[in-house]
Every structure is written in structure tokens, then in C-alpha cells.
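Copied over from Swiss-Prot:
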- Thr14, Thr15, Ser16, Thr268, Gly311, Gln315, Gly412: ATP binding site (BINDING)
- Thr14, Arg18, Thr268, Gly311, Gly412, Asn416: ADP binding site (BINDING)
- Thr14, Arg84, Glu85, Tyr136, Asp246: sn-glycerol 3-phosphate binding site (BINDING)
- Arg84, Glu85, Tyr136, Asp246, Gln247: glycerol binding site (BINDING)
Amino acid sequence: MTEQKYVVALDQGTTSSRAVVLDHDANIVSVSQREFTQIYPQAGWVEHDPMEIYATQSSTLVEALGKAGIRSDEVAAIGITNQRETTVVWNKETGKPVYNAIVWQCRRTAAICEELKERGLESYIRDNTGLVLDPYFSGTKIKWILDNVEGAREQAEAGQLLFGTVDTWLVWKMTQGRVHVTDYTNASRTMLFNINTLQWDEKILAEFNIPLSMMPEVKKSSEVYGQTNIGGKGGTRIPIAGIAGDQQAALYGQMCVQAGQAKNTYGTGCFLLMNTGQEKVTSHNGLLTTLACGPRGEPAYALEGAVFMGGASIQWLRDELKLISDARDSEYFATKVDTSNGVYVVPAFTGLGAPYWDAYARGTIVGLTRGVNSNHIIRATLESIAYQTRDVLDAMQADSGIKLSALRVDGGAVANNFLMQFQADVLDTEVHRPKVTEVTALGAAYLAGLAVGFWDGLEELQGKAEIDRSFKPHHDEEKRQRRYKGWKRAVKCAQAWAVLHNEEE
């Protein structure tokens, strides 16, 4: 029998599908990545083609192994991590989606959310799912598909349709339709899963008019769900043994498995998660209570705050404003000036996430004077990422009663030393950047590897989490508070835009 030397993480993100191959020492041996189409049918709507998601993801798996000359029988397990909340509904007989995947960023169900609030469901949903009633989560997206796609409601009632977040869709496709599962972390993002009983909530399903028969079976984040065949007939069968939503996978990859440990992922959006262990902490500050992975992939509780526009605001500087030609240039231009010259950018392009939850706020630049140049705007845009992170972290510390000793960071923007230092200064907290910043993939790989005995346990993995650099805060308190007050004022301006609009109508 061939020695199994590798674990593969499939990282299905918002803009690209990736495959990351790790060896036993948790070193990255090979990476393959493919972007796929972003579909914007109308303002505020975002979709993906589920078939393209599967095609790009399966081809990166083959590519990553091929690049490194790794045979499929050398792979011990596959772990999956995915963009969360994004919703796929498909016909189980034909295997075809009835509609495009509705992406987490999509705001089309805002009116459905308003209607559910009017029906008095808000507090029940909050208490039992840990989430706020917002278009972000899967529940209203499924309802929209059933209500708006011709024939979907009838097929659903007849038991022909299945729902899945992206992990569920990939596993179903990879096992030729044999396995319809998700894990606790992804289930907890649907707004349909009761985090007290750890079951699908039949009251919410009934209120949304979604048949229980559509829902996947919910399992731990680290166990063998099924096997996939690589290399066609007579190929190798490899266990799919780990699933976690991208943010929970990153939390696990950062080894935040104990209560009070927290991380921030700077991706398209920013996502802060704090593990609260077996204690369900209810937020009074606009955060979500959600499920994360305990030490062995069993469900644990966490607090989460989502910032919708993190790296996406740097892309906006590049693609729409054309102030930079490469996202990496943002640090260079931001450091050409000493301050943002009184400018604040509030990148509320799709509303504001935690702790504000204002779907109607819009992007705003305030404090413009004649002396402001493009470098100030670039700097203020980077600073907005750090300010939004502080908004969330302040709320987390208030809810949990835990003062954070250090923040672990990951994601594309952590390569930006200016942003990391400014983040430490704004928070007055050390920021730790790990050597391996692919922590989302690491988390999925760890969960899969542990399930099949590729690694013995957490102690072995914790020895692999090395820090590349610690950023220590070095600002005086008066300056910190003054700047942050200015940010809070700027946010009020972004929120006032919609309020004033409503008053005029």
C-alpha cells in the first residue's frame, strides 16, 4: 500500500476556487487556483453558476496534485472550506440547479426580511439561530428561489429539490449524489438551524415555507462523510473528512480552539470570530452567535462580527477609482502621507454589517478639503478596515467580558504592514501574523487529517502555528480616541444618507 503523505484542502471562495496540498508537517506543497464568473443581474444582486463552481473546484484539485507530481493514492483525505451562506437549490433527480447560486453578498431579499420582521419573527430567530434577520443568510435566499423560480415550489413540495450551502453542493457532486450533508458551522449560517438544540428549526422552516426534506444532514466538522473518486473508473477513492465554513476553518487553522481566542480574516470582507467554548454568549451589541469547531471538530460556540467591505474596498480603489493599479500598491501610497488629512472613507457600498446592521447606509467620504490628494483617500480607505475591525472587537469584548490579549490575523490584506500596524494602534492590542497565512485551508486540512488519523491530535498541530511578526501598538491614548471619534461621526454620515432620503419621500 502506498504511503499517504498528503491532505488536500479545497477552498471554495467568493471569487475563486482553490486547492491546497499539505504534507505531514503542515507545509504547503502545491496550490492551484481558478477564478470564476461573478454575475450581477441587477443592482445589489450577486450570483454564481453552481456548475462553474464545481468545475473550477474539481479542476484545481487535479491541477494541484499534477503540479507537484502527487498520485491520488498518496492523499489521505480531503477537507472542504467554503464561502458561507451562499445558497444552491438543485433537483436531486437531474442533478441540475434550478437557479444560480445566490451569493452571501446579495441583498435581493431585503423586502422578505422586512416582512418577516413585521410578522414578529425577529426575536425568535435571534434567540434560536443566533443570527439577525438579514438578507446575508441562506434562509430568505431559499425562500426567494422557491417563490420566484417557475416550478420550484411544486418540485420542493414533491420532495425533488435539495438545498445546500457550497460545501453541501460540492460533497453531493463529488460523491455522485450519494451524500447530502453539511457541518454544524455551515448549518449555523442558514438562519434555519437551532443552535440550542442543534437541529433544523421546524418552526422557522414552516414560517419560511421551506420543506424539511430539502435540508442536508448535519454532522461534525471532522469526520468521514463519504468518498470521492479521483481519476475516473478504477481511480482512487479518497475520504472527504473535514468541512467548515471559511471563517470557522480560519479560526481552527489559527488554533483558536479555546474560549477567548480570536482572529480576524481580511478577505473580501473582514470576519472576526471569538471562540466562546461551550458557553453560548448572546450579544447585546449587534454581533452574531454562531457555531465554530471545538478541539476535535465538535460544535463549540463563537461570537462573530462581519465587516462587509475589507479587501473589497481596496479593489474599489483599483478597479473603479483607478487610484492604484495593483492592490499591493495601496501600502506604498498610504505611507507617502503622514495622516489621512482629516479624511474618513466609510465603504458602506452594500450597507453596514456588525455592529450596525444597516442595510440602507451607503458609502461616504467625509472631511474633504482642498489639500486632500489621492494618497489621503487611499490611506483613509485602508484605515477604514482597521476602524471597522475595532467596532466589532469592542462589541466582542463587551459581550464576552474577555479582554483580548492579542488578535491573530490572516487573509490577503495582512501582507500590508501599514494596515497591520495601524490595526494594532487603533485597537491598542498586539496583532499576530502567522508564518503560513493560508489558515483557512489549514483549518480544513487539519479537520480532515484528524478525522482519518493523519495527525494524532491538537498538540501535534499547535506546534506548527508559528508567528511571522507581532505588531505592537504605539500611539498615545488621546490620539487613538480622537481618531476613533472621527470615525464614529463619519459612520453617522453614511447612515444619514438613507434616513434623509426616507424623510424626503
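Heads up, the Cβ atoms here are built off N, Cα and C, so glycines get one too.
Mapped onto this structure are the features recorded in Swiss-Prot.
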residue: Thr15; record: ATP binding site; Cβ within 10 Å: 16
residue: Ser16; record: ATP binding site; Cβ within 10 Å: 14
residue: Arg18; record: ADP binding site; Cβ within 10 Å: 23
residue: Arg84; record: sn-glycerol 3-phosphate binding site; Cβ within 10 Å: 27
residue: Glu85; record: sn-glycerol 3-phosphate binding site; Cβ within 10 Å: 26
residue: Gln247; record: glycerol binding site; Cβ within 10 Å: 28
residue: Thr268; record: ATP binding site; Cβ within 10 Å: 21
residue: Gln315; record: ATP binding site; Cβ within 10 Å: 15
residue: Gly412; record: ATP binding site; Cβ within 10 Å: 16
residue: Asn416; record: ADP binding site; Cβ within 10 Å: 22
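Excluding the listed site residues Arg84, Glu85, Tyr136, Asp246, Gln247, the same chain places Gln83, Thr86, Trp104, Arg189, Gly245, Phe271, Ala306 with Cβ atoms within 8 Å of the centre of the glycerol site Cβ atoms.
Counting Cβ atoms from all protein chains shown, Asp246 (sn-glycerol 3-phosphate binding site) has 27 others lying within 10 Å of its own Cβ. Cα of Gly412 (ATP binding site) to Cα of Arg18 (ADP binding site): a span of 14 Å.
Using Arg84 (sn-glycerol 3-phosphate binding site) as the reference Cα, a 10 A cut-off selects Thr14, Gln247 from the binding-site residues Thr14, Ser16, Arg18, Gln247, Gly311.
If you measure from the Cα atom of Tyr136 (sn-glycerol 3-phosphate binding site) to that of Gln247 (glycerol binding site), you get 15 Å. Counted within 10 Å of its Cβ, the other Cβ atoms near Gly311 (ATP binding site) come to 21, all protein chains included. DSSP gives Ser16 (ATP binding site) a strand state. Residues Thr14, Arg18, Thr268, Gly311, Gly412, Asn416 are listed as the ADP binders, and the farthest two of them sit 22 Å apart at their Cα atoms. Of all the binding-site residues in the list Thr15, Gln247, Gly311, Gln315, Asn416, the shortest Cα-Cα distance to Glu85 (sn-glycerol 3-phosphate binding site) is found for Gln247. Mapped onto three states, the DSSP output places Arg84 (sn-glycerol 3-phosphate binding site) in coil. Highlighted in sequence order, Gly13, Gly267, Ala312 have their Cβ within 8 Å of the centre of the Cβ atoms of Thr14, Thr15, Ser16, Thr268, Gly311, Gln315, Gly412, the residues recorded for ATP, and are not part of that set.
When Cα-Cα distances from Gln247 (glycerol binding site) are compared across the binding-site residues Thr14, Thr15, Gly311, the shortest belongs to Thr14.
Within the same chain, the residues at least 6 positions away from Thr14 (ATP binding site) whose Cβ sits under 8 Å from its Cβ are Gln83, Thr86, Val103, Trp104, Gln105, Gly267, Thr268, listed in sequence order. The binding-site residues listed here (Arg18, Asp246, Asn416) include no residue with a Cα within 10 A of the Cα of Gln315 (ATP binding site). A simple way to gauge crowding: the CB of Tyr136 (sn-glycerol 3-phosphate binding site) has 27 other CB atoms within 10 angstroms, across all the protein chains here. For Gly311 (ATP binding site), the nearest of the binding-site residues Arg18, Asp246, Asn416 in terms of C-alpha separation is Asn416.
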